[in-house]
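What TrEMBL records for this protein:
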COMPBIAS  529-542  compositional bias 'Low complexity'
DOMAIN    218-324  domain 'FAD-binding FR-type'
REGION    521-555  region 'Disordered'
TRANSMEM  20-41  transmembrane segment
TRANSMEM  62-84  transmembrane segment
TRANSMEM  104-127  transmembrane segment
TRANSMEM  139-160  transmembrane segment
TRANSMEM  180-209  transmembrane segment
TRANSMEM  446-472  transmembrane segment
TRANSMEM  492-510  transmembrane segment
Amino acid sequence: MFDRWKRPVLIKGALGIVTWTELTFLLMFIALLCWSIYSYLHAMFAPIRQEAAAEGLWEVKLSSLGLTLGLVGNICLAFIFFPVTRGSSVLQLVGLTSESSIKYHMWLGHMAMTLFTLHGLCFITFWTETKQLSKMLKWDDLLVSNVAGEIALTAGLVMWATSFTCIRRKMFELFFYTHYLYIVFVVFYVFHVGFSSACTILPGFYLFAIDRFLRLLQSQQKVCLVSARVLPCRAVELNFSKSPGLKYNPTSSMFINIPSISKLQWHPFSVTSSSKLEPDRISVMIKGDGHWTNKLHQKLSSTSPRTTHLKASIEGPYGPASPDFMRHDTLVMVSGGSGITPFISIIREILSQSNTKTVKTPKLLLICAFKHCVDLTILDLILPVPESANAAPLDFSCAELRIEAFVTRDKEMKPEDESSSQIQTLWFRQNGTDSPVAAALGSNSWIWLGAIISGSFVIYLVLIGLATQYYIYPIDGNTNMRFSTPAKAALNILSICVAVVVTATVGFLWNNRRSSSQTTPVLNRAIPAPTTTSPATLLSGGDSESAEEVESQPRNAIRQATTVHLGKRPNMNRILLEVEGESVGVLASGPKKMRQRVANYCQSSIADNLHFHSISFAW
């Protein structure tokens, strides 16, 4: 019954892929906004009809409408920070991640800015009609500061203008850096309405402030990049050392910064590793589709197999609280291009669990579409880099895996593909100052997060209490003057910032020291024999005796499970109709249009056993 609520109901359009549950809550939230507007206007218009003069009635009503729109906009602002609180978002409690809930942040942002823009236009029109345009330059120390509201609205409009899809996709860096204007927006918003009225957004912003500072502390550490695999399809896999206490689930993602390429740019990538299969490693695959990713590929392609140290910083990983897909009997994973990356982590996770033989694992069907034959080498990343030459191979007989690979633009294997399609493995020298990737607050992150929230709030109350007793009250209580409202707001903001910085720093340093004492240093080790793979071996299906003599058993198992279709596109109707199982999980990852096509089939299908999941992570 509940699974039907997770089915997509809206697929194409500005809202993206929307399930019945999401649509229901969206309509309920819009109904709340409409009811709030009606309630505020009803309460404000009643005294106007009795007291306002006839000639000024519509102007007074316009002012009341503007105030109402601003008050209702505060409701949207109260929720807008929760979806972008990556590490401590309460959305994880209901099975959501910050990546999948970004669309909620976008919905709330559009609604909030629409209401705030109309709020500003109403008052500008009111001041124009009543010959009071000078009020636009009014900075009131006791009541509402109009200038502060105008500055906040301007900052919000700049963020809003650069967030539309047509601008965000073409000029992402412009969108990214202008979004830092949220600091200006929040500060002057508080100055505009006063700290007491701004308390409606305090819970969400408080969590966001703690999470943002913890991410800042984590990003300052340099991590150990152990090895990298350079693929001929302009893709690389980076393997980092991680603390054994860091646990994450498949389909997680993390942000990576490489100072030698850009000191400012952070890019999100889906994790390809499994914390159960690789307790000391975490890896990501990066496809060279942009300026930053192409420079990374060129940098790694030009290095020797035993290259020098490469500095990197990481935020994350961030992912779901539990792997929901494990409950299905059969798992169908549909990917386009580098959208296969989250599915690699799922396959590794299930391979790890199937080798333990302690839990029942679902059958796996991977449907992947690539443009060229050389892209087939991505399938070799299903197997992790062995930690040593004597590492025990994975037993593929315990997992039921079938791979249907479609090459859409090449109808036959070209000779240059066979000669130049080899994977190069690079090993990096380790630096004693580097640290393994670890959770910002250790394994008990939720306990520490609760301690930071409660501890910082106590410190804030103490600081603002001292400021009130010795700085604010002597003016308000003992003189005929009133303490400035914006100044009070500034003191509250400063107290919150100090409290968050102190408690978060203590929690981070304590867990970092504890994690370092429990982690074995990564030493420079002997280089395993390099591995090379050509797409032609996948086309042979593992039947070549010479290939079997050279390659390992797990690699041959992957080839035997893979069927390559040249010059074809996947027929989703035929493939999904042939899938058996009482509960079939359909996961789609890749370009938006591809995910929409898969969701459209699941929506129109009469089969009740199909459960669609859209993975909109970095791809």
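Positions of Cβ are set from backbone N, Cα and C atoms, glycine also.
Predicted, not measured: the structure shown is a model, and the values here were computed from it.
In summary, the transmembrane segment (62-84) does not lie against the transmembrane segment (446-472): fewer than three C-beta pairs, each 6 or more positions apart in sequence, are under 8 Å. Long-range Cβ contacts of the transmembrane segment (446-472) within its own chain (Cβ-Cβ under 8 Å, at least 6 residues beyond either end) map to 87-88, 206-207, 210, 483, 488, 491-492, 495-496, 498-500, 502-504, 507, 511.
Long-range Cβ contacts of the transmembrane segment (180-209) within its own chain (Cβ-Cβ under 8 Å, at least 6 residues beyond either end) map to 74-75, 77-82, 84-85, 88-90, 144-146, 148-149, 151-152, 155-156, 158-159, 453, 457, 485-486, 488-490, 492-493, 496-497, 500. When the domain 'FAD-binding FR-type' (218-324) is classified with DSSP, helix, strand and coil residues number 14 helix, 41 strand, 52 coil. Taken as a whole, the domain 'FAD-binding FR-type' (218-324) shows an average pLDDT of 84 in this prediction.
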